[in-house]
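> Just passing along the structure, written as structure tokens.
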Amino acid sequence: MATVDEPLYPIAVLIDELKNEDIQLRLNSIRRLSTIARALGEERTRKELIPFLSENNDDEDEVLLAMAEELGVFIPYVGGVEHAHVLLPPLETLSTVEETCVRDKAVESLCRIGAQMKENDIVDFFIPVVKRLASGEWFTARVSSCGLFHIAYPSATDPLKTELRTIYGQLCQDDMPMVRRAAASNLGKFAATIEQSHLKTEIMSIFDDLTQDDQDSVRLLAVEGCAALGKLLEPQDCVAHILPVIVNFSQDKSWRVRYMVANQLYELCEAVGPEPTRADLVPAYVRLLRDNEAEVRIAAAGKVTKFCRILSPQLAVQHILPCVKELSSDSSQHVRSALASVIMGMAPVLGKDATIEQLLPIFLSLLKDEFPDVRLNIISKLDQVNQVIGIDLLSQSLLPAIVELAEDRHWRVRLAIIEYIPLLASQLGVGFFDDKLGALCMQWLEDKVYSIREAAANNLKRLAEEFGPEWAMQHIIPQVLEKINNPHYLYRMTILQAISLLAPVMGAEITCQKLLPVVINSSKDRVPNIKFNVAKVLQSLVPILDQSVVEKTVKPCLVELSEDPDVDVRYYANQALQACDQIMMSS
């Protein structure tokens, strides 16, 4: 009897779990749908499981979302592509629910299934789904239908294609703004599947209606359509139809539409080509850079370098640079920050002379900005300017500002400068570094903020790697070792950390002669934190040192620490002793 009931078991369990009050059980059951389908076999999955799921769609959104996702990859479990159409009914129902993320996932799964279906199945099964959704009473169905046209259209017969274009046109004029929004955001995908002859007539008239919609949320989605349609049209049609729309949108009464134009402008320029860009889009862009809404200026400022690349250097200097100067002293710190993050990229576009005359003063004013993010954005891109104007000029003009920032009251700014020092050092060269930046690097070891001290120790290691052990022996090691006598124990700890980082770069001989005696000496410190850090440092030095040194110097010191009154000191000393023994054994 058990064997007879066995095939019924998975579906019975599923039904029980799907009706369970515990949402987690219902979710688990949905996530195991593929396993259940394999147990049932293809035919029973088609005849029992899928109809059951179609009826069972009044659940929590979380469960419905999981169901919509699972069904998208269900074709192999229903018997392959020829039976894919059985998956459409449950997904059609899920496309009409109120929760947006469930609908979006159902549409995504429908698109995935439709893309694999045979042409005649699309005509017989998929297109009727699209039409039913598009004429749904409830707006949610009509919203979902907009995302399916691009899958349905290529396989349709000519009369059906005409019908689909007409239906889409109606959706673009729907009473509900949500439906018009969905139609506007999917127009580019749908247009990509339509023949050129209809593109110029029907689709462009639909597009024109959307661009004049009274809802700004529809118009701003039409901005995205500008770039998508521009790529599909011939250049002359693009200039005739798309360019006037972009220019109008850049003066739209809604700042959100202008913001979208500012965000998409580079793509729109690519669509219309270089000549119209210079003639019509430069004035539009200048307007956006001077917009009275900070959000629009932020979006426009972030695109300034990309936009200048399309223009000739003369045009950039003539039209864009005056706006950039204004933005560098903008009242909004976020605008200045957006500008600072891209302005360095303008140097290669404008060339050496224009950079020195026009851009350097702007860099300097941004480097002195009161807002730390603005200063950080400039510092992190200095190498782009260095390539254009050369190191001498860069150091004369920008170095005083960098030195000032190294002592900035915001510790994050100091941190960014430290992280940038090794790159700066490699660009400036060793001689320049010694003169101007060497003292700074030592000063940071005694900063009040731990993160700065830690970064300063790492910085010394990276500099030693960059300039080599001999240079480090002259310029880093003596100053570092001097600071071990600092009266504050936290600074002495930083020096121990610096020693453990520098030792692998400096090699066994210098470590043994110069660094190890300082560490051993610190084991007599009166502060327990220093003593257990000595144990940690000694443990890190063991692999570098000769065995004889470990036996004669390191181990006796650790043994002494392992008998310390402080429990933490004893713990770390014992750990280091164990590590010593392991390393000795393995070698």
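Just so you know, the numbers here start at 1 and follow the chain as drawn.
Backbone N, Cα and C define each Cβ position, glycine as well.
Annotations per TrEMBL:
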- 10-48: repeat 'HEAT' (REPEAT)
- 164-202: repeat 'HEAT' (REPEAT)
- 203-241: repeat 'HEAT' (REPEAT)
- 242-280: repeat 'HEAT' (REPEAT)
- 281-319: repeat 'HEAT' (REPEAT)
- 320-358: repeat 'HEAT' (REPEAT)
- 359-397: repeat 'HEAT' (REPEAT)
- 398-436: repeat 'HEAT' (REPEAT)
- 437-475: repeat 'HEAT' (REPEAT)
- 476-514: repeat 'HEAT' (REPEAT)
- 515-553: repeat 'HEAT' (REPEAT)
- 554-587: repeat 'HEAT' (REPEAT)
> List, by number or range, the same-chain residues at least 6 past the repeat 'HEAT' (203-241) whose CB is under 8 A from its CB atoms?
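Contacts of the repeat 'HEAT' (203-241) (Cβ under 8 Å, skipping residues fewer than 6 from its ends): 165, 168-169, 172-173, 177, 180-181, 183-185, 187-192, 194, 248-249, 252-254, 256-257, 259-261, 264, 267-268, 270-273, 276.
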> Could you tell me how many residues in the repeat 'HEAT' (164-202) are helical, how many are strand and how many are coil under DSSP?
30 helix, 0 strand, 9 coil
> Take the repeat 'HEAT' (164-202) and average the pLDDT across it for me.
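Reported value for the repeat 'HEAT' (164-202) is a mean pLDDT of 79.
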> Six or more residues out from either end of the repeat 'HEAT' (164-202), which same-chain residues have a Cβ under 8 Å from its Cβ atoms?
127, 130-131, 134-135, 139, 142-147, 149-150, 152-154, 156, 209-210, 213, 215, 217-218, 221-222, 224-225, 227-229, 232-233, 237
> Using DSSP, tally how many residues of the repeat 'HEAT' (281-319) sit in helix, strand and coil.
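With helix first, then strand, then coil, the repeat 'HEAT' (281-319) has 31 helix, 0 strand, 8 coil.
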> For the repeat 'HEAT' (515-553), what does DSSP give as the number of helix, strand and coil residues?
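Tallied per class, the repeat 'HEAT' (515-553) gives 29 helix, 0 strand, 10 coil.
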